[in-house]
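Per TrEMBL, these features apply:
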ACT_SITE  Ser138  active site
ACT_SITE  Asp292  active site
ACT_SITE  His322  active site
DOMAIN    60-207  domain 'Alpha/beta hydrolase fold-3'
DOMAIN    251-325  domain 'Alpha/beta hydrolase fold-3'
Amino acid sequence: QGKILEKTGLCSQITFGRYVRQGRKLGVDPKLFIQDLQFNKVPVRVYQPKATSDGRRRGIIFFHGGGWVFGSLDTYEKVCRYISRESESVVVSVQYRLAPEHKYPAAYEDCLNATIHFMKNIELYGVDPTNVVVCGDSAGGNLAAAVSQTLAGRSDLPKLRAQILIYPGLQALDFNLPSYHQNRGVPLLFRERAAFFALQYLNGDALHMQEVLEGSHIPPDMRLKYRKWVSPDNIPEKFKVRGVKPLRPTDFIAEVYETVKRFCEPSLCPLLAEDAIVHQLPESFILTCEYDVLRDDGLLYKKRLEDNGVRVTWYHLEDGFHGIISLYDYCGFSFPAGKRGLDSVVNFLKSL
């Protein structure tokens, strides 16, 4: 429908997509105080349990998904309320600037600045400074991973207690990993759309999408350098049995690389961070879905973290698909796998 409207000149695909995903404001929650604020000029929504607490609470900074293009505080209202209620935590949901109007690094900078503001003013919210967690799904998982890496070396702030990455997108070097082929036509995220969103975030347009999908946007020497981290060889064999046909990248095109070379920056593609950063990262939770083009991004990052001595809790939804968490209690229904995934996040938080 979005493509049809765009071709007829009525509105863009992105405008239509935002309209259908905008969510709606909910009524008062009897168990939560909810207020809209600004943290360092970034809009946020803060959820605080009304029940009395014996001590200071856990703090969770949540970055929503939506391909850096869609999503809002309202879109993830039910998810954030659920996490806050069930884990008895203070949740801060961040409304970062969206692409293509605001290109990289706008979203990353908003998430980082909101997180730093929260950590510097943490006593105002009754939160334990040693128990702050960054969390996000999809593009939000990308942003949570990038923020976590940036804060890993900061000595002027409390250390993050954990990071929670829900089917995160973590690299844009290789759109031909097994999961990208196995699930290329599985809703809610098609293989082509994964590249489309990454390019919208990077450049504000989707030019050279075909070249990026084919792999001709990365120089051979750089591809070789990152192969130790971004390679089907690092994917467990059990995930390759379902119809994988590896493709050789097409010939490198230098002009394309010039337009997308920032894909090699870890704050955009966290899977490419050096070991010296990765080994400083906090305890991690990674959720992956079998029917998701981004499955292998999560599996590769899990291996990187474990190889660097970081404790990882991994939860895999065998019957899950991309975006399933965001559909929790959506229009009155939920997918059982999505509820299990959301509860796995809550259980991890309670274990900290």
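Cβ coordinates are placed from backbone N, Cα and C, and glycine is handled just like the others.
Where the annotation comes from TrEMBL, it is an automatic prediction and has not been curated.
Long-range neighbours of His322 (active site) (same chain, six or more residues apart, CB within less than 8 Å of its CB): Ser138, Tyr167, Asn183, Val186, Pro187, Leu188, Leu189, Cys289, Tyr291, Asp292, Val293, Leu294. Packing around Asp292 (active site) is summarised by its Cβ count: 27 other Cβ atoms lie within 10 angstroms of its Cβ, all protein chains included.
In this model, the domain 'Alpha/beta hydrolase fold-3' (251-325) carries an average pLDDT of 98.
In terms of DSSP secondary structure, the domain 'Alpha/beta hydrolase fold-3' (60-207) contains 62 helix, 25 strand, 61 coil.
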